[in-house]
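*Asks:* Following this message is one structure expressed as C-alpha cells.
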C-alpha cells in the first residue's frame with residue numbers, strides 16, 4: 001500500500017454499465033446544491049458541506065470580528081441555524097483526508113446538473129426565435145442589453161438608407177476618367193467608385209499656387225500661352241477653360257460636382273438628425289423600460305459623506321425613524337486588499353479542487369500508473385499550499401492583523417415602500433446649497449450632512465474599488481491612457497519600418513517615359529514578339545555585366561503559333577514591334593535595357609509579375625520582398641487589433657472604476673480610439689508628407705523610417721494606394737469579427753463536448769455549459785470604429801457606406817443569435833455605457849465634413865460668392881491668426897506654407913456648403929456641451945429647477961410583495977455576499993497541521 005492510502009477500486013459513482021460518459025444524476029442518488037455534488041450511494045445520507053457564510057461577516061473559530069467589506073445586513077444572521085454550513089472543505093477540520101473511507105471516492109460531475117445550471121444562469125437561451133427578438137423584449141436582462149440592441153438596430157437600418165443615398169456619388173465617380181483602368185475587375189470597381197476617378201473638371205487650368213504654395217502652378221491641359229513673367233509670378237490669378245463633359249451624365253463636370261456637394265448634404269442631414277436625436281430616444285426608452293420593470297434600484301439609495309465608523313445598525317435605526325421602514329442597510333468599507341485576495345483565493349480553490357479530483361480519479365483507475373498517481377498527488381499538494389497561502393493572507397486581514405483601519409465609504413439603503421424611497425430625495429435634496437444648509441435633524445449624529453443618490457444596480461458595483469477617490473482614479477486613468485498611447489506608438493513604428501522595407505525593395509520608374517520609348521503592349525501589359533523580348537533581356541544583362549556595347553546580334557525567331565500569347569495584339573503594335581526588331585543593328589540602344597526594366601516593373605505594378613517570373617527573374621526578389629512586407633504590415637495590424645481587446649481589459653482594471661459600467665465605458669473608448677487610429681489614421685499618417693517632422697528626425701536612429709510618405713494632398717494616386725487599402729481593411733475588419741463569432745460558437749459547442757468527457761469537477765462542467773462572454777464594451781468599440789471610419793472617409797470613398805450597411809445588418813443578426821444561443825448573461829449594467837455611445841455619434845459628422853472639404857478642394861474651382869460673404873471674413877481671419885502661431889503649428893508640421901490657402905480651398909463652390917455646415921455643427925456641438933455643463937452646475941445650485949433625472953413614482957408594490965409576486969427582477973439585496981466573485985472573502989478559514997498530505 002502506498003503512502004496515499006493505496007490504490008482504490010473503481011468508484012461506485014458513475015462507473016457502471018452505462019460507461020464512463022454515462023454521468024447521470026441518478027448514478028449517485030442525489031441532487032447538487034450550489035453546483036457541488038452531494039448525497040450518498042445506495043441510500044446513504046453522508047452530506048458534503050459547501051461554501052456558505054456565518055454571522056455578520058467572515059468568522060474565525062466561530063467568532064465574527066470582521067465585517068468583511070462592511071456589507072453586513074441588519075435584518076438577519078446567516079448562521080448554522082439557518083441551515084447553512086461553513087466552508088470546511090471535505091471533512092470536519094481538514095482540507096481532505098486521503099485515508100478516509102467511503103466518502104473519499106471520486107465523484108464525477110453530472111451533465112444534467114450542468115444543463116440545469118446553464119438554464120438557470122442564462123434564461124435568454126430559452127428564446128424560441130433568436131432572430132425575431134425585438135430589443136424591448138429583453139427588458140428582463142437589464143437596460144444595458146436593451147440599449148445595445150436598440151443602438152445596433154438603429155445603425156443597421158440607418159445605414160441601409162444611407163447606402164441608397166450614396167448610389168449617385170458612386171455612379172458619378174465611376175463615370176469619371178481620373179484613374180487608369182485596372183486589369184483586376186475588383187480593383188477597377190473600387191478605384192472607379194472613388195472621388196479620385198472623377199478626373200479634371202476643366203479643359204485647361206493655369207495660375208494659382210503650386211503644390212508647395214511658393215510658385216505658380218504648372219498649366220493643366222492645353223492652356224493658352226502664358227506671359228513671360230507667368231512661371232514665377234505666384235500672384236497670378238487662377239484661370240480655367242470650359243468644363244469637361246461627364247461620361248454618364250449630361251451635365252458639365254463643374255455643375256455636377258457642385259450639385260453633388262448639395263446632394264451629399266441630404267446624406268449628412270439624415271445621419272446628423274439621427275445622431276442628435278438618438279440620445280433623446282435612448283433616454284425615453286430608459287424611462288419606459290424603468291417604468292415597466294421593478295428592480296431593487298427602485299427602492300434603494302446610495303449615501304456618501306458618512307462618518308468613518310458608522311455601522312449598518314446605526315443607519316438602519318436613523319432612517320427608519322426619519323424616513324420610513326428600512327428593508328436593508330449595507331455599509332461598504334475600505335477592503336480593496338481583502339477583496340483582491342478573495343479573487344486570488346477563488347482561483348486557488350478551483351485549482352485545488354480540480355487537482356484533488358484528478359488525483360482521486362487517477363487513483364481509482366487501474367489503467368493509470370503508480371508514477372502518474374504520485375505525480376497527481378504532488379500537484380494536488382502544491383495546489384493546497386497555494387490555497388493555504390491565500391488563506392493565511394485573508395485570515396490576517398480578517399483578524400485585523402494587516403492593512404489600514406476599517407472605515408466606511410458609502411452605504412446602500414433599501415426601503416420597504418417606494419414612497420419612502422422617493423421621500424429621501426425630497427428630504428435630502430441634491431445641490432451644494434441644499435447640502436450646506438441641510439437641517440440639523442437630518443444630519444447623522446447632528447453633524448454629517450449626507451449626500452443621497454439613487455443606487456446603481458448591485459451587479460454594477462465594483463466593491464474593491466470604492467475606497468479609491470476621484471483624484472486617485474483620475475491619476476490612474478491618465479497613466480493607463482499614456483501606456484495605451486505608447487503601445488500604439490510602438491505599433492506605428494513597427495508598421496512604418498515594415499512599410500519602409502517594402503518601399504526600399506521597390507524600384508521606382510517613370511510610366512510616361514517608359515511608354516514613350518518602349519514597344520510593349522500596355523492594356524494589358526504584354527510583349528508577344530520573342531525577338532524583342534530577347535533584345536531587351538540581353539541588353540539588360542549586358543548593362544548589368546558592365547558591357548552595354550556588347551554585340552547581341554541573333555538569328556530571328558520563328559513566328560509564334562496562332563495560340564501563342566494572352567491576346568491578339570492590335571495590328572499597329574505588331575507592326576511597331578516587328579519594325580523595331582528589323583531595324584535593330586545588334587548593338588543595344590539607349591532604351592533597350594531601360595525597357596526591360598519598364599516591362600517587368602509594370603507587371604509588378606499590375607500584380608501580374610508572376611506571369612513573367614522566368615523572364616523577369618531579377619525583379620522577382622524585390623516583388624517578393626514587397627509582398628512579404630505588405631503581409632507583415634497587415635499581420636501587425638491584425639495582431640494588434642486582436643491583442644488590444646485583452647490588453648485594454650487588463651489595463652483598465654487598474655483604473656479602479658467604482659462601477660462595471662464605468663469600467664466598460666473606459667474599455668470602449670480606448671478600444672474605439674485605438675482601432676480607429678490603427679485602421680484609418682495610421683494609413684493616412686504613414687503615406688502623408690510631413691516635411692517638418694521629417695526634418696526633426698534627421699540624425700536620429702529613426703531617420704528615414706518615420707514620416708517618409710509623399711502624399712501631399714488627395715491626389716488620384718492616394719485613392720490607388722491608401723484608399724484601396726482602406727476599403728479592403730473595412731471589408732476585412734467586419735468579416736474577421738464575424739469569423740470570430742463563428743469561432744466562439746464552435747468553441748462553445750466543442751468546449752461542452754470535451755468538458756462532458758474530461759471535466760473532473762462540477763464547477764468545471766458548469767462553466768463549460770454557461771457560454772461565452774457577451775462583452776458590450778468590445779461590441780460598442782467595434783461598432784463605433786466602423787462608424788467613424790466610414791463617415792470620415794465616405795466623401796472620397798462612398799463605397800464604404802453600402803459595405804458598412806451590409807456589415808451592420810449581418811452583425812445585428814449575428815449578435816442576436818450569439819446572445820440568445822451562445823453567450824452567457826452579461827452583467828446588469830447601468831445606462832452609462834449606452835448613453836455615452838449615443839452621445840458620441842454626432843462627432844462623426846466632423847470627420848465627414850473635414851475630409852469632404854479636403855478631398856473635394858483638390859479639384860480647384862472658383863469661390864462661392866454667397867457663402868464667402870457669410871463666413872469668408874471669419875475664416876480668413878482665423879487663418880491669419882493661425883499663421884501667427886509658432887512653428888510647427890503655423891505650417892501644420894510643414895504641410896502648408898500659406899494657411900490662407902486653406903480658407904480659399906474651403907470656400908470653393910464644390911466645398912463651400914461643407915464648410916458652412918461644419919461651422920454650424922461645430923457651433924451646435926459647442927453649445928450642446930456648454931449648455932450641458934451649465935445645466936449640471938445649475939443643477940447643483942438650483943436642483944428644483946434644473947435637475948433632469950428626478951425620480952417619479954412608478955406604482956411599484958412594497959419590496960416584500962415585489963419579491964413574493966416575482967415582480968422584482970435582478971438582485972434582491974446589495975449584500976456583497978450575494979456576489980459569487982466575493983464569496984471567498986467571507987468564508988470561514990479552517991486550519992490543521994500541514995503534514996504534507998492532502
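Cβ atoms here come from the backbone N, Cα and C positions, even for glycine.
Note: TrEMBL annotation is automatic and uncurated.
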*Asks:* Which residue range, 183-212, 213-242, 243-272, is the one TrEMBL calls region 'Disordered'?
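*Replies:* Region 'Disordered', as annotated by TrEMBL, spans 213-242.
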*Asks:* With TrEMBL as the source, which of 756-780, 831-855, 856-880 is set down as transmembrane segment?
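*Replies:* So the range that TrEMBL calls transmembrane segment is 831-855.
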*Asks:* Quick one: which of 457-479, 480-502, 503-525, 526-548 does TrEMBL have down as transmembrane segment?
*Replies:* 480-502
*Asks:* Quick check on the annotations: TrEMBL lists transmembrane segment for one of 732-751, 892-911, 912-931, 932-951. Which range is it?
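*Replies:* Checked against TrEMBL: transmembrane segment maps to 912-931.
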*Asks:* For the feature region 'Disordered' as recorded in TrEMBL, pick the matching range from 1-43, 44-86.
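*Replies:* Among 1-43, 44-86, the range TrEMBL annotates as region 'Disordered' is 1-43.
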*Asks:* Can you say which of 117-144, 145-172, 285-312 is given as transmembrane segment in TrEMBL?
*Replies:* 145-172
*Asks:* By a Cβ-Cβ criterion of under 8 Å, what residues six or more beyond either terminus of the transmembrane segment (786-810) are in contact with it?
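*Replies:* Long-range Cβ neighbours of the transmembrane segment (786-810): 152, 155-156, 159-160, 162-163, 166, 169-170, 173, 190, 193-196, 264, 271, 672, 676, 679-680, 714, 719, 723, 726-727, 730-731, 733-734, 738, 841, 844-845, 847-848, 850-852, 855-856.
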*Asks:* With contact taken as 3 or more Cβ pairs under 8 angstroms (pairs 6 or more apart in sequence), are the transmembrane segment (912-931) and the transmembrane segment (256-278) in contact?
*Replies:* yes
*Asks:* Return the stretch with the most CB pairs under 8 A relative to the transmembrane segment (831-855), choosing among 145-172, 256-278, 672-693.
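*Replies:* Looking only at 145-172, 256-278, 672-693, the most contacts with the transmembrane segment (831-855) come from 256-278.
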*Asks:* Who are the chain neighbours of the transmembrane segment (145-172) in space, where the CB to CB distance is under 8 Å and they lie at least 6 residues beyond its ends?
*Replies:* 133, 135-136, 138-139, 193, 198, 246, 248-249, 256, 260, 263-264, 266-267, 270-271, 274, 278, 281-282, 285-286, 289, 776, 779-780, 783, 787, 794, 798-799, 801-802, 804-805, 808-809, 811-812, 815-816, 819, 826, 829, 831, 833-835, 837-838
*Asks:* Which residues of the same chain, at least 6 past either end of the transmembrane segment (256-278), have a Cβ under 8 Å from a Cβ in it?
*Replies:* 151, 154, 158, 161-162, 165-166, 168-169, 172, 198, 201, 246, 249, 791, 795, 838, 841-842, 844-845, 848-849, 852, 856, 859, 861, 909-911, 913-914, 917, 921, 924
*Asks:* Please average pLDDT over the domain 'CSC1/OSCA1-like cytosolic' (298-465) for the predicted structure.
*Replies:* 89
